[in-house]
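Taken verbatim from TrEMBL:
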- 109-553: domain 'Major facilitator superfamily (MFS) profile' (DOMAIN)
- 106-124: transmembrane segment (TRANSMEM)
- 144-171: transmembrane segment (TRANSMEM)
- 183-205: transmembrane segment (TRANSMEM)
- 211-229: transmembrane segment (TRANSMEM)
- 241-259: transmembrane segment (TRANSMEM)
- 271-290: transmembrane segment (TRANSMEM)
- 435-454: transmembrane segment (TRANSMEM)
- 460-487: transmembrane segment (TRANSMEM)
- 499-518: transmembrane segment (TRANSMEM)
- 530-549: transmembrane segment (TRANSMEM)
Amino acid sequence: MAFSTSTHSFFNFKLSSKTAPPLHQPKKKPVTLLLNPRFAPPLLSSCNQCFRANSVTFSNPSTPRHGFSVGSQPDYSSGDDDAQSFIPEATQQEEFSWKSVILPSWNFSFVFPALGGLLFGYDIGATSGATLSLQSPELSGTAWFNLSAIQLGLVVSGSLYGALFGSLLVYPIADFLGRRRELITAAVLYLLGALITATAPGLSVLLVGRVLYGLGIGMAMHGAPLYIAETCPSQIRGTLISLKELFIVLGILLGYFVGSFEINAVGGWRYMYGISASVALLMGIGMWVLPPSPRWLLLRAAQGKGPVQEYKEKAIVALSKLRGRPPGDKVSERQIEETYVSLKSSYADQEAEGSLLEVFQGTSLKAFIIGGGLVLFQQITGQPSVLYYAGPILQTAGFSAASDATRVSVVIGLFKFLMTGVAVLKVDDLGRRPLLIVGVSGLALSLFLLSAYYKFLGGFPLIAVASLLLYVGCYQISFGPISWLMVSEIFPLRTRGKGISLAVLTNFASNAIVTFAFSPLKEALGADNLFILFGAIALLSLIFVVLIVPETKGLTLEEIESKLSK
């Protein structure tokens, strides 16, 4: 049975007319839940006037008035009638402090999950230098440096295939593990993979380490966006999840830098891979300290997966920590209780837990088409292949740094990092669709310009350089961060774990296909026609974005679910 929030959601929401058309028409005068500053924690008081979000209006006065939703905006409220404000269509946002979201005094509630993305990016960057070091007779420090093309391909893609298997593995167990334990497991796999790879006495052990590290990638790329999406305010959800993409690019850049420093050291590839172990250890310790997602805890309680009161108490403690309030405070206790009642009611006429195939039904199928389509186009528009030509293109333009592959990689990595920062700053202001439309249009234009360069504009190398930078920049403000952002917010709660797992699997599978098919296509078509093919795919992806992808800026996860169900 498809899960539809028109009948099954935390709350039946009515959006402010200033943000979106109403999702539900109330029959009675709506009751608007506003933030009461009497219950705002001290950490939030300093930014009371800095951020404002949409009020949440209950379509049924009998609905509990003090609901809690992590990632949604009805947060703190008073139970006193004289403290309630009954202003239909009002607009007011949860008061929060960036410090309480990112750097509370006792933890780094966003940074530790995002380290999973940094470690993924680091592997991409470090591998480019490690393969050069590993094959060098003078610098590899091994007797088995003379690798065949197949062996080298296995070293490079070992983490990718591990990530594919990790995506398959997490599909049936993600909701059992929970977001926090999944990320702890990913950190352990990262740590083991890095240590085994760095100390490998032979190729077979090295490949085992690469696959283990890849398993960590698969789990981290699934768990990190889930945890962040379910524990942050909706008005900055886009920014925080996009910051995970920024961490991926930062990891790539860090890998390039380490590779450039260690490229002349004997056994330098061991240092390149081994350094990631310290970051993995930090991630594991940090996730151990962080609380589980309160939304996941209440979902497990509603599904009858354990003692209800125990799950409620854990959710109260988790919410208090995430919002910077004293442990087990009365406000959190009341919010958790009322949210559980609402959530339990939404599951009253359904099975306790969705089936493996429910992702392909109703609202979940719509979400998978949107999310899966975005991560598919993210790969098949040629991102790995275009960067393959970065060195030759810069070299033809007379850039001396192009003679050194590791330094060229650093230049490209810096530009990717800069443009991802632009997306992070603007995604919650401009919205997802505008950035996607502008960015994908730029991708298509840059690909056709690159084709023209290889066909008849060879005498104008600056056109090639500009096209390359245009491609990288447009990718980083569109498919790069926004694909993962929308995947994390588009699926209904009931199938969110399984849906994101399938989207991650689609991403890594398409990545593997593009990587495998690039050389045969290049040989068969030539660079000029290959870029035309990628440009045509980019135009197809632009049509997909315009016709299929909805805008989710400013909406809570439940409001997005309700929007899709219609």
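Placement of Cβ uses the backbone N, Cα and C atoms for every residue, glycine included.
Heads up, TrEMBL stuff is auto-annotated, nobody curated it.
Note that this is a predicted model, so its numbers are computed, not measured.
Panel annotation: around the transmembrane segment (271-290), residues 106-109, 111-113, 115-116, 118-119, 122-123, 126, 129-130, 133, 180, 183-184, 186-188, 190-191, 194-195, 197-199, 209, 213, 216, 255, 258-259, 262, 265, 321 of the same chain, lying at least six beyond its termini, place a Cβ under 8 Å from a Cβ of the stretch. The stretches the transmembrane segment (241-259) and the transmembrane segment (144-171) do not meet in space: the count of Cβ pairs below 8 angstroms, excluding pairs fewer than 6 apart in sequence, stays at fewer than three. The recorded stretches the transmembrane segment (435-454) and the transmembrane segment (530-549) share 3+ CB pairs below 8 A when only pairs 6 or more apart in sequence are counted, and are therefore in contact. Contact between the transmembrane segment (211-229) and the transmembrane segment (530-549) is not supported, since fewer than 3 Cβ pairs fall under 8 Å when only residues 6 or more apart in sequence are counted. Nonlocal intrachain contacts for the transmembrane segment (144-171), taken as residues 6+ away from its ends with a CB within less than 8 angstroms of a stretch CB, comprise 123, 127, 131, 134-137, 177, 182, 189, 193, 202-203, 206-207, 210-219, 221-223, 356, 498, 501-502, 504-505, 508-509, 511-512, 515. Counting same-chain residues at least six beyond the ends of the transmembrane segment (530-549), those with a Cβ under 8 angstroms from any Cβ of the stretch are 369-370, 373-374, 377, 380-382, 385-386, 432-433, 436-437, 440-441, 443-444, 447-448, 450-451, 454, 479, 486, 521-522.
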